[in-house]
């Protein structure tokens, strides 16, 4: 019930935008990373500094030699150390590339390394604390403050994933792969800072169902591992295509990149797939449903547009009909929505043959997406005549 309450609060503040909420959560996240580093240093000095040998990659080989199949199973757990990092790249439109690079290299990475090294040092001396090594390794008087900061950090991380989802949905809509939804731009300065009400509340409902129906935190971890690796592998494949077709980099460098990164990701993926029955199936089912929605919408949109282009009415036919279009022109304005930026849509011919009369002024309305947060008022609606002046037919491109 506590988790449910936090989730409701989290999704309720989403509408205030990244900048406004960021002012509140930024310092909290900074304290969280500093706390990780501080606890890590404390445990290193108190328990065992020899864990610094972990930086030697020979220990990877020795670990697999000792544990064989069990070591392979453990890869899925190792992956969870880095989860969340992919959200940074989905949120690139919220922050500059340089700010993400500096923050990750000089704050996030060192603090995470110190935090995990500290936990390893604690576990060497306290093997029984493997259930919750982080919380068990916190110095006594600091437990409750750190516990509060940890929960705030978890909420902030969840919010980052939500904003990343908004970005993905917006891009899918622009590419014609997702139904058009109301998108609210929360910043005039950054075009990527958006809020999609329908997706926000849909995510809340799904999160509540998952939290209330999944009994183990390990199941959520397994599901997250599948999602994480799916993102990583798709990113590697897409970057490879960009390297070949756009950057036109030497094929040897491209192959080296693919073999190293995709090989590493496939090794982790094989480990995570082993636990597909323990929660991971939820992500796979959700992915299939989303894929079907996007595929069907994209297929339907393309078919509709191609049909409109092929069947649009010729200007010769319009001239033959005359300014009255072969019917009665009644006073008023008629708005006809279609995707065409040029020509007379086929649906208009259907109106002419089936309706007893049409309006004295006809406007074909076409909505086009423009990649800016705010289109100036004077440029939002572009009008032009479609036929000679006496026809009173216009096209409006709403941007």
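Just so you know, glycine gets a Cβ as well, placed from its N, Cα and C.
Automated prediction, rather than curation, is the source of TrEMBL annotations.
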Report summary line: Ranges in play 253-274, 319-340, with TrEMBL marking transmembrane segment at 253-274
Query raised in the report: TrEMBL lists transmembrane segment for one of the ranges 49-69, 280-300; which is that range?
Result: 280-300
Report summary line: When TrEMBL is consulted, the range among 194-217, 362-385 described as transmembrane segment turns out to be 194-217
Query raised in the report: Should the transmembrane segment (223-246) and the transmembrane segment (253-274) be scored as in contact, given a threshold of at least 3 Cβ pairs under 8 Å and pairs 6 or more apart?
Result: yes
